[in-house]
């Protein structure tokens, strides 16, 4: 989102959905892993759309429990009988999967490439098994006896929830407390000491009572496929500020465990890798819908139609969610009206959790909530060796007893650690067979070109020249110039999506002439008069209204109603799109989604000249909205442009009241232009969203329909299709391979399958009453895991991995990104290899820094940073390097700021705030302000780049909150695998250009960001710049990079800087404060 604080709250909620990368699977075959080919991926590259798939390969999934890996099977598999234990399968595929045992059916758009990512490949496809991870040589032991006792279920807040009566609700609680009541939970807890055990315990060495002695699991995080404030089970009340969560210092202590039944403890181990899980079926589930059955029996006695309509049996609608350390990592679809459901569903999911058990929670889905049926737990110690655990297990209730005689769940689970997943060992890879990020809706598109942008505009000569390989020089892009030219040159279509689009914004401001006087609205209106189809898809801010002459600007000040009114009598079609929940969601959930969440994508899609009187599609993707406050240059002026290029474009939501003489808020952002096949995927995203938003409902059915507004480019002869668009040879040093990622769900797009069993054909995740594309999170995890040297991130937010915080583990910020970065660094420390992570964030979230929402965001950010440094320090201690290095030799956080002396003429305006102690007066006196980092980008090893609209927090990564889009790209001729040294392609030039902007210099050590010399040099520059920014004396700042104003000691403890506990001039605790407000307002 783009604004914060009381003026623009940025509410966040819990993460209600897992992180599986779904993929279609055939029924388990007898040969799940064929001999490896010469390279890891050999699926051919198809045109768009690809041809219908042939019969899926027989190896596409692991075998079911009843089928052995030897032999062959030429006919359909029979799943009518109970699965029996089988021999251990070979190592699973190396990517996250989540699939059903159903034959995928053709659909209009079929992504292609790697079969796991884009659907089944042709029969000749083969998959490489990781050579260094041989299959276990022994068969698994018989299923272990069922536990006689089991702990109470941990926190499953906002999804899998259960009241004391057994029923949970999916809607948001209306109580004032931020946390659900579970006070008496501690009353049943038993503290036990857990002696260190073997790091990789053998199944045969497990204690005989391991099933009877489940540990208390108080680093449980919300199982949030179904948002709710209730827990599972509801055992009393815990206040977050005073509970065990708030006081626990160790996020993953192996020395102390809590058990609800006092039956011993289990060892907490780090699961970092992938889990290969099959959920086959359940039997003899209890009927949880007895109330409905009673009503049915009552009405069944009535004569006539009612009797005939109620004769069918009413029973449970079960589903299973899989959680590790309380964070949901997988979820089956709901089987309606079944006490013997058969799912045959597969998950291949990334994990980065300290946990003692894996939980399989069986629930009954209801319209108003969900009821607990029971639980199956698998101790992590049993799977840690890599052995496949498979069998049928009794489903136990919260008392540790069978929920019903004979009720059981058949499943299998196998863990593959990171060091056995070779796909993450070589960066983006080399050669034509690399297929990008698997398990995504859109495939990797080869042979395109990309232009990378920093800020809205870079004037000529403002940044230094950067030499690249092949004697080339990096060319600094001019984003809004290029957008203006692309729109002006369009002949067929101009499609724009935005969180905010303002018709008054001027894209060209550095030249004299008509272009500099032309507003965006005038440009679009003139193009529509030329016959170009101009469509604007803008988020409909629910707080802005224009009804019968009554107008409100809205809390977010997005100008949505103003822009709609401007184009009202033109041929430009403006569709204001609210962020709606599905019809099957509860009323409260619908209100929450519609009020809190947004459409956050920022795209411009136009047709462009393809030569030969043909047209092609190009697209702009990134973080820049076409609205006020966004135009800026790498100088990021505060006062000097207030009477020139920013005269009619003042933006600074930090200040309230009199703005006279205040500094503007400088704006730093990242954007990109895509030319090639991937641009058509951006077009597909727009079409899917437009068709969904244009579908009339309610009173809108009587209004003008927008359904026919989209151009059918396949029916326009002069517009090339994706398979015909010009491509660049992979051998061309300027060739790019590009992939589009999204965070979005089926409530915001048209085209997702209605049947969840068909969802895996498009690599979608199942949620309650919704299908989810969360491939942005998938892409970040893949890129971080594959990083070998350094990671450079610029992002508006940095919150996540709350399941590993030292407090408030249950808020639901469960995205893996911060934990994956910390574990990557820890892995490199243990390997005695250099690695560095540089993370640039805003000084504070946009808005009033003393506001409750802003302070809570800073608090969660502090918890995230603290967790990462503690993880790094632990690795230093384990390797005996804590004396030689500190955590900041590997990980550093920065922000941006600027300061201007008064030049000859003070352009800050006339007058000054009357109160000398207001933030306005103090900022004008000190002549300093932060540069707001609105970027959403990451560079890995100078070979891979991600740029989009998604922030690093739950709201952007979850897929069911804000809608987001991003692109990931690399140049095949500029990778470590090909060069065997640091690549010097366009991505390297882009990163160096950003550093030149932030530090006002280019040092030789910048070419090796992972080196200790570079890390310390950059940190020293940031510390020096912060001192200049915070000093009493006013001076011009050359560089803008500031060390984030917290103190990190050698043990990784993060504290406020002594004497600088609050932000200069504007106030607000730098490390935030815990203020009890609704969680989804801040994560």
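Even glycines carry a Cβ here, placed using N, Cα and C.
Swiss-Prot lists 600 (among others) with the feature active site. Mapped onto three states, the DSSP output places residue 600 (active site) in coil.
Residue 602 (active site) counts 28 other C-beta atoms within 10 Å of its own C-beta, drawing on all protein chains shown. Per Swiss-Prot, the feature active site maps to 602 (among others).
Under the three-state DSSP scheme, residue 607 (active site) falls in the strand class. Annotation comment: Swiss-Prot describes 607 (among others) as active site.
Positions annotated as active site by Swiss-Prot: 934 (among others). Residue 934 (active site) counts 25 other C-beta atoms within 10 Å of its own C-beta, drawing on all protein chains shown.
Positions annotated as active site by Swiss-Prot, on the basis of sequence analysis: 936 (among others). All protein chains considered, the CB of residue 936 (active site) has 28 other CB atoms within 10 Å.
Other Cβ atoms within 10 Å of the Cβ of residue 941 (active site) number 25 in total over all chains. Sequence annotations record features per position, and here Swiss-Prot assigns active site to 941 (among others) based on sequence analysis.
Under the heading Ca(2+) binding site, Swiss-Prot lists 455, 636, 668, 997, citing similarity to another entry as support. Taking Cβ-Cβ distances under 8 Å and a sequence separation of 6 or more, the neighbours of residue 636 (Ca(2+) binding site) in its chain are 666, 667, 668, 896, 898, 931, 1040.
What Swiss-Prot lists as compositional bias 'Pro residues' is 26-38 (among others).
Annotation comment: Swiss-Prot describes 46-66 (among others) as compositional bias 'Pro residues'.
If you look up Swiss-Prot, you'll see 132-148 (among others) marked as compositional bias 'Pro residues'.
Under the heading domain 'C2', Swiss-Prot lists 252-393, citing sequence analysis as support.
Among the features that Swiss-Prot reports, domain 'PLD phosphodiesterase 1' is placed at 595-630. Residues belonging to the domain 'PLD phosphodiesterase 1' (595-630) score a mean pLDDT of 95 in the model.
What Swiss-Prot lists as region 'Disordered' is 26-231.
Residue 936 (active site) carries a strand DSSP state (E or B). Note: the CA-CA distance between residue 941 (active site) and residue 607 (active site) rounds to 33 Å. The Cβ centroid of 455, 636, 668, 997 marks the Ca(2+) site; residues of that chain outside this set whose Cβ lies within 8 Å of it are 454, 632, 633, 634, 635, 666, 667, 669, 896, 931, 998, 1040, given in sequence order. Put simply, residue 600 (active site) is 23 Å from residue 607 (active site) when counted between their Cα atoms. Each of the recorded positions 600, 668 was scored by the number of other CB atoms within 10 A of its CB, and the lowest score belongs to 668. Around residue 455 (Ca(2+) binding site), taking its Cβ as the centre, 28 other Cβ atoms fall within 10 Å, counting all chains. Taking H, G and I as helix, E and B as strand and the rest as coil, DSSP gives the domain 'PLD phosphodiesterase 1' (595-630) the counts 2 helix, 20 strand, 14 coil. Proximity of residue 997 (Ca(2+) binding site) to non-local residues of its own chain (separation of 6 or more, Cβ distance below 8 Å) is seen for 454, 455, 463, 634, 1040, given in sequence order. Under the three-state DSSP scheme, residue 997 (Ca(2+) binding site) falls in the helix class. Note: the Cα of residue 600 (active site) and the Cα of residue 934 (active site) are spaced 13 Å from each other. When the alpha carbons of residue 936 (active site) and residue 602 (active site) are compared, the span between them is 12 angstrom.
Cα separation, residue 934 (active site) to residue 602 (active site), rounded: 13 Å.
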